[in-house]
Amino acid sequence: MSNTVEAGTIVGGPVNNDTVNTAQVQTSRKGFCSVRHGIALILHLCNLSISTQQMNMSIVLPVMVNNTALPSSPNASTERPPTDSQDNWNETLNESKAVAAVYDWSPEIQGIILSSLNYGSFLAPIPSSYMAEVFGTRYLSGTCMFITSVLALFTPLAADTGVTVLIVLRVIQGIVQVVLLTSQYSIWARWAPPQERSQLITIAVAGSVLGCFIIFIVGGYLCQTIGWPYVFYIFGGIGCVCSFLWFAVIYDDPVNHPFISTREKEYVVCSLAQEGSPPGWSLPIKAMIKSLPLWSILIFYFSDYWHFFVQTSYLPTFITSVFQANIRDSGILSALLFASACICVVPGGLLADFLLSRKILRLSTIRKLFTAIGVLLPAVLFTSVFWVRSSFSTAIAFLTISSAFKSFAQSGALVNFMDIAPRYSALLRALSQIFSYMAGAISPMINGFLISQDPELGWRNVFLLSAAVGILGLIFYLIFGQAEVQDWAKGRHAHTS
């Protein structure tokens with residue numbers, strides 16, 4: 001069973017406002033040296049590792065495949081690199097060491113391998129939110145971090161054993177990663193004071209963006225110099241180290257943490273005292289279905305991730321086809337976009353918390369303002385890329401600035417579920433992931449159809465559709481979004497459904 005303590009221990013009992021204010025003053029000097037910021041840093045590293053493991057196959061697959069061989073055998077391997085490829089990775093393949101196997105996988109098999117990581121994505125989010133309550137976030141997420149990293153280490157062996165083994169490994173790895181990415185949000189329900197919630201979560205989330213940047217930059221270089229298996233070995237090993245750090249630093253709540261100071265413990269406990277206890281197995285399903293603030297967040301997740309999948313799935317192709325860049329340069333340029341987002345996401349969280357702590361703006365206003373910035377400016381810049389494509393530098397500048405402003409949404413609607421129902425943070429994160437995966441299933445398919453219909457104007461339609469979906473999601477959120485804890489999320493007495 002979970003080693004989390006009950007509400008009466010963590011957040012229950014009468015709370016004196018003077019005590020809370022005193023604790024806030026006493027701990028305000030700790031800043032980024034606090035245990036809660038240390039937890040955010042460990043989550044940052046774990047998310048970085050997960051992100052590299054999610055995208056490593058996209059980087060190494062062109063090097064793994066012999067593009068000149070007939071697809072007669074789905075897993076036949078050879079120890080020599082392809083010699084007559086039409087692929088822009090030709091230079092990389094010719095320079096790479098002949099220590100890594102090359103496989104004769106057809107394009108259909110390659111597509112299955114790339115998508116296999118998401119086959120279990122729809123099944124895992126909801127159960128993982130309950131598993132976090134049963135087993136505790138520390139043990140569940142830490143174990144998942146270790147399992148996915150070990151599977152990454154065994155990926156080259158699985159590929160050499162057979163394509164079926166590789167696909168099964170990737171499916172299991174994808175499910176484990178979803179459990180980890182979902183359950184980790186249960187930590188913030190017990191560790192993140194409301195006035196620090198944006199910065200703590202954005203510090204953790206920034207790891208995913210930084211991981212995308214690192215794998216784009218380093219992955220191709222590793223394939224070229226020491227062979228593609230080391231992409232899995234290195235980043236799998238980093239994940240194992242992160243899992244050890246996880247068990248050393250992460251605890252389910254501040255009450256049980258062995259290294260936290262008394263002042264910080266009192267501050268966190270008192271700050272969260274008014275938000276209710278962990279939910280256990282009680283779930284106000286009817287009230288949640290009727291909750292427009294919840295629906296506004298879920299719909300925005302769909303619209304925001306529509307743009308994300310356009311960016312990750314088709315932007316490298318756009319750069320390659322329109323600007324005639326090779327795959328390696330396209331990866332570096334794509335990494336530039338993630339770098340700009342990584343640089344801006346944490347300052348955005350700090351700014352949101354600053355505006356809230358100084359009472360310059362209400363929390364609801366902050367969430368909607370940052371969401372609007374994260375949608376409107378990127379929509380204008382992203383759409384304009386088609387019309388400025390004659391200037392390579394201008395187009396790349398527009399894409400980079402667009403990605404930077406897009407990160408502001410992380411301090412807006414994307415973290416809003418922690419405001420309206422902190423007790424159900426893991427469950428709402430799971431629901432939001434389902435809507436994200438829905439966007440991932442629909443967006444590439446529709447955009448691929450648009451491009452296939454008209455290779456020239458298809459790109460224009462892709463950009464315009466992405467902007468339209470984003471703006472529609474923003475409008476719905478601006479109308480119905482709220483930042484107050486909802487009645488159905490305040491406690492067991494607040495719902496009977």
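Here, residue 1 is simply the first one shown, and the rest follow in order.
The backbone N, Cα and C atoms fix where each Cβ goes, glycine too.
As the structure is a computational prediction, the values presented were derived from the model and not from experiment.
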144-168, 394-418 - the range that TrEMBL marks as transmembrane segment: 394-418
Segment proximity, the transmembrane segment (228-251) to the transmembrane segment (369-388), 3 or more C-beta pairs under 8 Å: no
Interface present between the transmembrane segment (228-251) and the transmembrane segment (330-357) (three or more C-beta pairs under 8 A): no
Mean per-residue pLDDT computed across the domain 'Major facilitator superfamily (MFS) profile' (39-485): 82
Intrachain neighbours beyond the transmembrane segment (200-222), with Cβ under 8 angstroms and 6 or more residues off its ends: 36-37, 39-41, 43-52, 55-56, 59-60, 92, 184, 188, 191-192, 228, 230-231, 234-235, 312, 327-328, 331-332, 334-335, 338-339, 341-342, 345-346, 348-350, 407, 410-411, 415, 418
